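Shown next, in structure tokens, is the structure this report addresses.
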Amino acid sequence: MASQRDLTSNNPHFHISSSRNNTNDDFNSDHNPRNPFGDEPEEEEELDSASFSSSSQNNQPHHPFATSNQTSSTNNLHSTNSIRNEAEYGKPFQAYSGYYSNGGSSSYLNQEGVISDESRLLSSGNNNNNNNNNRDVSSVGGGGGSGDNRLNPTSPAEFDRYPSMAGSRVVSSTSLVSFNNPSNMMRNHHQHQPHLGSSSSPTSSSMNNDSISDKSTSPFPNDFSPFGGYPASSFPLSIDEKEPDDYLNNPDPVQDAEYEKNRFMHDLKNMDKRSLGGLIGFIILFIAALAVFIILPALTYSGATNPYHPESYEVLTKYSYPMLSAIRMNLVDPDTPESAYKKKAKDGSEWVLVFSDEFDAEGRTFYEGDDQFFTAPDIHYDATKDLEWYDPDAVTTANGTLNLRMDAYKNHNLFYRSGMVQSWNQLCYTQGHLEISARLPNYGNVTGLWPGLWSMGNLGRPGYLGSTDGVWPYSYDSCDAGITPNQSSPDGISYLPGQRLNKCTCPGELHPNRGVGRGAPEIDVIEGEVMTDSSGKKENCGVASQSLQLAPMDIWYIPDYNWVEIYNFSVSTMNTYTGGPFQQALSATTMLNVTWYEFGDNAHNFQTYGYEYLNDPETGYLRWFVGDDPTLTVYSQALHPDGNIGWRPLSKEPMSLILNLGISNNWAYIDWPSISFPVTFRIDYVRVYQPPDQINVGCDPTDFPTYDYIQQHLNLYENANITSFEDGGYKFPKNSLIGC
């Protein structure tokens, strides 16, 4: 017998050369591969169970009283072991005839130290079976020619996922025993060993059982891998052979530490072509940058370091250019025609022009600090629940007019954007004649828009509710129920919190000038609206609402009409709206011409709107105009004491100007389909006249100061999100009427 071992072989093949006549094809030819983990035939179940029933009998010493038959059987088993130990390994690995070459199960799983078990199984099989000498290999698995052929080369076994490598030391005895059919092997071996005892002999049977139950002498445990039945020790990753990726699967801590110390040099020595190309490209870019930013400037340096010497030039003109074109040196606009420098008052006297703005300078902007006289706030006018956001972008000057543009542009989660300008704390005046020339937006018969030209006392800033809380629209100089919350009336005539800066404010409380009732009354030059006929018989017509907003209120909001004049009942009438719990409105409405609007089939002209007032308690009056025609006059006596309140004088506060274009459901029904966005409210000029002997222009007059008080409460005038006086961190001043 000869035994050769080819390390490239994957499947061990057994070839037994003997002088004895062996007719068993299972040993004379290459063994057909089959799954060593396949099910055994039913006739072998008892034998298989016995072969694995004991693990202690493998190393038992020879019994001193064993019979000759037992001794003979033992010698025969050792003889068979000698034959198996000289097994000749098969073809090279690339040409093996196992499972992966035929598409079937791999061949025998060879393991050193297990051949003694197989020899015992063979000798035991010869004692038990004498008749099946030439059993086909295909019947070993118990199928015996049936459709359940476990050696079908096109049907791989259930657990045979990897071929058994030649020379592997870690194939378990379990797989070998289940693969080598003990019954068939014993039958074939019995045919060539006639001297062995029969299976009926008790002694022989006992010896055979001991042989079958002997376990493998393999030093490796019979553990199992998670890959379906193979012992974990035979998993291919544990095979001791070199592969290109072994350094990934079996890292070497020593080599890794050495690599970390010299990572750069190691990578530099072992870089591939791609890495080399990247390195070369980086070097080229570095050299190019060095050449462009260092070498080239150094080569082209001219050495010019001579200091600058002023150049002399010829004076072409003696004209003195202004530093800034927007800066005005006079309150009267230079573009105002001289014919407008004077205005005839109600009593026939001529009042002089004290302020004007013709808006002839193109491209003026009105962001905070941009303009001398007007500022466009960036706020939502929440006092009247407007639907637009006032944005400085919507205000500019062009073609000699101030343009307030409203468009359907989403802004700050509102769907409309428009413009407002106000002269708060920049330009104020006390009594006089205010005249504004304007062209109203959209059509004259479409309701919904709210154009406004108005004025308000400087102690309140329009749109900043914290500043107006308790001062708007008060014009009151008494210490009685008129200064208390709700006017001390339970009937709901007033929801106002009371006059914050009243005449009887306690000492130590903040007040602009203690002892004088202060407030922020409102006088509207015009609030544009449209008169509609509910019957539908008359066409809609634009009207101008001209009002005095005041507090505290008369009973039922009705003043003494004996001191009110209307000049043309065909176009003007007293407003049916006289006020509400937040203000009393002494108002009249005047019909407007359709040609004074932006759109329409007729001409689009500008019209003047204004008011004139004197605040003397005895001779004072307030008169409104549309064009040069007066529409309504209210005398001071119309605001005499009523109920539990006293006189409400015409405003002595410094009044600031407000020009705006709004839209709100609180004002009028909005005819959305008929509004042609964008719409523009255009103002041609603003002019203020005063009696020559009573000129009072400024926001901080001596007798009615505002500056110090505003500075003491500046957050109320700069933060539109503060909606009440107390939200600004202040408390209402105490007064002597309630108790100091």
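Backbone N, Cα and C atoms are what each Cβ position is placed from, and that goes for glycine too.
Here is what Swiss-Prot says about this protein:
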COMPBIAS  1-26  compositional bias 'Polar residues'
COMPBIAS  39-48  compositional bias 'Acidic residues'
COMPBIAS  67-79  compositional bias 'Low complexity'
COMPBIAS  121-139  compositional bias 'Low complexity'
COMPBIAS  177-186  compositional bias 'Polar residues'
COMPBIAS  198-216  compositional bias 'Low complexity'
DOMAIN    299-694  domain 'GH16'
CARBOHYD  Asn399  N-linked glycosylation site
CARBOHYD  Asn445  N-linked glycosylation site
CARBOHYD  Asn486  N-linked glycosylation site
CARBOHYD  Asn568  N-linked glycosylation site
CARBOHYD  Asn593  N-linked glycosylation site
CARBOHYD  Asn721  N-linked glycosylation site
REGION    1-79  region 'Disordered'
REGION    120-162  region 'Disordered'
REGION    177-220  region 'Disordered'
TOPO_DOM  1-275  topological domain 'Cytoplasmic'
TOPO_DOM  297-740  topological domain 'Lumenal'
TRANSMEM  276-296  transmembrane segment
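Structural mapping of features recorded in Swiss-Prot.
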residue: Asn399; record: N-linked glycosylation site; Cβ neighbours (10 Å): 10
residue: Asn445; record: N-linked glycosylation site; Cβ neighbours (10 Å): 17
residue: Asn486; record: N-linked glycosylation site; Cβ neighbours (10 Å): 17
residue: Asn568; record: N-linked glycosylation site; Cβ neighbours (10 Å): 13
residue: Asn593; record: N-linked glycosylation site; Cβ neighbours (10 Å): 16
residue: Asn721; record: N-linked glycosylation site; Cβ neighbours (10 Å): 11
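Residue pair Asn399 (N-linked glycosylation site) / Asn593 (N-linked glycosylation site) shows a Cα separation of 23 Å. Asn445 (N-linked glycosylation site) sits 10 Å from Asn593 (N-linked glycosylation site), counting Cα to Cα.
Mapped onto three states, the DSSP output places Asn486 (N-linked glycosylation site) in helix.
Here the domain 'GH16' (299-694) has a mean pLDDT of 94 out of 100. For Asn721 (N-linked glycosylation site), the nearest of the glycosylation sites Asn486, Asn568, Asn593 in terms of C-alpha separation is Asn486. Straight-line distance linking the Cα atoms of Asn593 (N-linked glycosylation site) and Asn486 (N-linked glycosylation site), rounded to a whole number, equals 41 Å.
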